[in-house]
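Below is one structure; the comments refer to it alone.
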Amino acid sequence: MTSTRRLAAALACALAAVLSGSGCAVIPVGGPFPVDEAGSGDSVTVPFQRMVAVEPKKEWSAQQVVEGLQAAMAAYGDDPSILPKYLTEEARRVWKPDGAVTVIDNAFRFDDIVENKEKKETIVTILGTKIAQINEDDTYVPVAPAEDGKVTRAITLVKDAAGAFRVNLLPQGLLLTDADVRRAYRPTNLYYLNGTSAGDREPDRLVADRVRLRVKPTESFAQTVVERLIEGPTSALEGAVGNEFPVKARVRSIRSSEDRVVINLAGPFTADTFLEGLKAQLRASLSYNKLASGRTLEVQIDGEPFSVTGPLVIEPSLPEKWLGSEDNQVFYTSHGAVQMMRGDGEGEPLVGPAGQPGGDHSGFAIAKDRDRVAARSAAGGIWVTRHAAEARWQESIPGTELTDPSWHRDGTLWTFDRHNGQVLRSHPAVSRGPEHVAAPALQGMDVTSLRMARDGVRVAVRIGTGQVQVGALNGGGAGAMLSNFHLLTMAERDDKILDIAWGDGDHLLVLVQTKAGQVVKEINVSDGETTQLPTTSKLLTSLAAVGEIILATTEDGKEILEFARDKQTWIPKPATAVDGPLFPLG
Amino acid sequence: MGRVRRVWRRSLQLQVVTSTLVISVIVVVVLGAFLSDQINNSVIEGRQQSAASDASADRLRIADALTREQDDQAKPADAKNVPANPLDEVMDAIIGTGGDGSKTRYEVLILNRAEPGQSRASGKVTPRDVPPALQQMLRRQAEKFIDRPQRSTQPIRFAGEAQPTQTLVIGAMVNLSDGYEVYHFFPISDEEQMLSNVRLAIVVVGFGLVLLLAAIAYLVTRQVVSPVRLARQAAERLAAGKLDERLKVRGEDDLARLATSFNEMAVNLALKIHQLEELSQVQRQFVSDVSHELRTPLTTVRMAADLLYDAREDFDPMASRSAELMQAQLERFESMLADLLEISRYDAGAADLDLDSVDVRDVVLRAIADSEALAERHSTRFELRLPNEPCLAEIDNRRVERILRNLLFNAIEHGEGRDIVVTVGADRDAVAVAVRDHGIGLKGGEENLVFDRFWRADPSRARTIGGTGLGLAISREDASLHGGWLQAWGQPGEGSQFRLTLPRRAGVDLKGSPLSLVPPEIEMRRTWRGHQMTPVLLPAVGDGGGHDVD
């Protein structure tokens, strides 16, 4: 074989190998084969759309310029460079975007345009209804239906040298429509701890703090959430909850891969950081906002493992401890005795004096581990008995005009002394109390009901029958104080708020008697988001709830109705002659 | 460089492997470029088509929403419960905002610069990210009422990103009269990454393929070249006289047949050489035997001739002259016979040295004394150049004297009566005697021929001093027996010079000669002319133009 022929043969072989290789490169048929689990891509961002502001055109009318200004306000968070182009020099100097954001409904309109020829001004007035405002701490405060939310914003325009309208005078702050807010903001739950690791007892529950966060195009939403989480709670929970992130902590980056999200933080983390709490805060604040779901979180400090012992890894599921599945055993009172509802729906009297009928006690409350029952005596004062055969009623808080007692999860018993206008607290287990707890916001208020939430942080008070306020238990031990109160709901004119009951940590059920009938509202205490439950033809007298379960008693039949969420209707329970349903705590 | 070239020229294997490498590199490069181009086209085309169809579907939805918007505006405004802008709804539907629905892998920008509040974007795209050329093309089209979608691919650095992302942007006008521009941004960095991986794979595979082909070529050529190389080595050894060299025969292929043929050739060659050697031996033996056998009758003839010669004066002049002639020719015949016997001793390897430490000057003087009678007859004079120091050397006195005598007779015969210069030189290791005549000289190439047996420069010339034609041949054998050199130099018209160089101690190899082969005056003349001529320096090889010696 000559060298040429050998070479030709070698080339033919190479060509055949390449061609056969490329010929086989089609999708192979076969299977089934096991498939690797793959995540759905990026788990730390949310899809969102933004308003894109455009610069004003010379030919635009005054109203169009105001519409453009409106769009520029909506886009201001993303691109602050356009809005000033709508303003005159003077307006640019005077106007500030800071402060609360006013949210008006989508149905705003423009009033008749007024032209002041003397001043060469054109005034365009926006007429709308304020539906909420977003405060600087990101809380979303809806306008109560009872309030008059009419908004009138007069905007003064002048023509510039080129003959185009420019805004010369406008109210301070941003004015957004509901659509703008829905587009750019996301309702977000931030989770804090019901206490601090440095306090009397270790935190065991997460407390949700609801904010509206603006989605930033330049960073992942997870980063926005964690940054806001680090900043601390809103004014509603300030001082009342624990935040395991140090004040100067910040987020360097958040990277997402198929099965892991790496959170790179910076800041003065110390060795005594309560890691369990920090992990729970991060996990809950991301997962409950549908971020990093199903993925392991890894926390790094300045790109290094969290501690010398290794990386801080947070599993995809939140530990059971923090989930706080509360005791959902149903109790009810009947003829002055507390009954425990068995599985078949029938009642079984409690062991001990609380289960004895015929007493003159009312307003029963069951402590956390069902070990104690408190009630208001007709003779006055709050009395407590243990859940045992030999137990006796003992007076825990004396007084004449006390509200129904409410147990705190730490074993303290709370009530409001209407006579003296102060909040009282006792600790029956250690025979301490009663003691006065400061509540400056409640001074002079007609508090008719005081309920401690099951997370031990929030407190709801009914003022008269007209409004409900929610506050928080601030500080611990002797320095405890009820503060941060804000209006949650207000009855319109002749309506009456009949009862309140805590569902979970951030939902309060309110039973309202209106002229048209009764209404049960489930209100998110953080942002006032209200769900109105379907009504029943039967008149309801009292509410009790835990988690998703909502119970009410009827006035006439003295029966217990349970709200079935799936069917959106009230279903009666077998027990009869019921005064009111009860759950431990709440 | 020269070494590399030599290796290249001598190695068939290297040539084949290099050619294979070069050709396979060309093939792989062409093939790789073609494949890469094909894959690029199909991947990018597929992506562009799917992107175009996504964009087209979205534009339809947007156009639909905008039409509804206009319808809504046409209706009297309901103060309560005004729905959100249809643009918001359609954008929500396109990008899956709010829900858990799958996120789109692209971003959308709806741009209306003419109307306030009618522009939307998803993700991080801004109007600044739109390639200006694409935007201008759309606007030019819009002026002509054309709404053909356009695409553009380029790296775009979005807000908040450190690195630009390779992006396919598809732009089109929607609701041409209202001036809505819709842009879709499809990141194609995954495709780019994939193509880059494919390219890397092609390069790696191509590189591997080239190496593989080179290795294959190496192995294949080795299979062929190795036997050829063995055959060459065997042939070289055969040429060097190792007649029993044979090749191994394996298999029945062409190479095996080559080996068989080679072995047959070697066998035949060895046989022929052996036959020739035997023939040569027989001839030598024959000459030796003839010489011996001729001596006895010659002695008798000589004795008879001596009687006749002694009594010649008693003969008539004619017979007397015949007796003289017979005497002279008998002497020559004897000499010739002696030379033949001497040379056959050399041929038989029976020549021995009788070494003695002798002053070479004395040997030279004796040889000159022996030649003086002849010199006088030719009117030739000797010029002696002897060193003052004794030149002792371990030599066979008789043989060296014979060499010198031969050289002197030769010089006298061809010296044309001019002076003959005899020079003796010595150094630490060797002694040398140079005999210079100024006769007709030697032609080119005759320097070696002069030492052949019975060689004659001009065959028509008679041997005037009765040489046998074997003198210089015997002299050279004598010199060789001493481990010395006998060399000749000559030029036409310049005469000639013979140089005998002998080692001072027997058995020591000569490294040089104390005397120059070319006479000094000739050397000087060459230098003056500035013209270089290579002096003939051949070991134990002499010359002599027309020198046949006795």
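Cβ atoms are placed via backbone N, Cα and C, with glycine included.
Feature annotation from TrEMBL assigns transmembrane segment to B:12-35 (among others). Beyond the transmembrane segment (B:12-35), the same-chain residues lying 6 or more positions past its ends with a Cβ under 8 Å from any Cβ of the stretch are 202-203, 206-207, 209-210, 213-214, 216-218, 220-222, 225, 228.
Sequence annotations record features per position, and here TrEMBL assigns transmembrane segment to B:200-220 (among others).
The average per-residue pLDDT of the prediction over the domain 'HAMP' (B:222-274) is 87, rounded to a whole number. The domain 'HAMP' feature in TrEMBL is assigned to B:222-274.
Residues or ranges marked as domain 'Histidine kinase' by TrEMBL: B:289-506.
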Close approaches to the transmembrane segment (B:200-220) from elsewhere in its chain (Cβ under 8 angstroms; 6 or more beyond its ends): 13, 16-17, 19-21, 24-25, 28-29, 31-32, 35-36
Summary of DSSP states over the domain 'HAMP' (B:222-274), given as helix, strand and coil counts: 39 helix, 0 strand, 14 coil
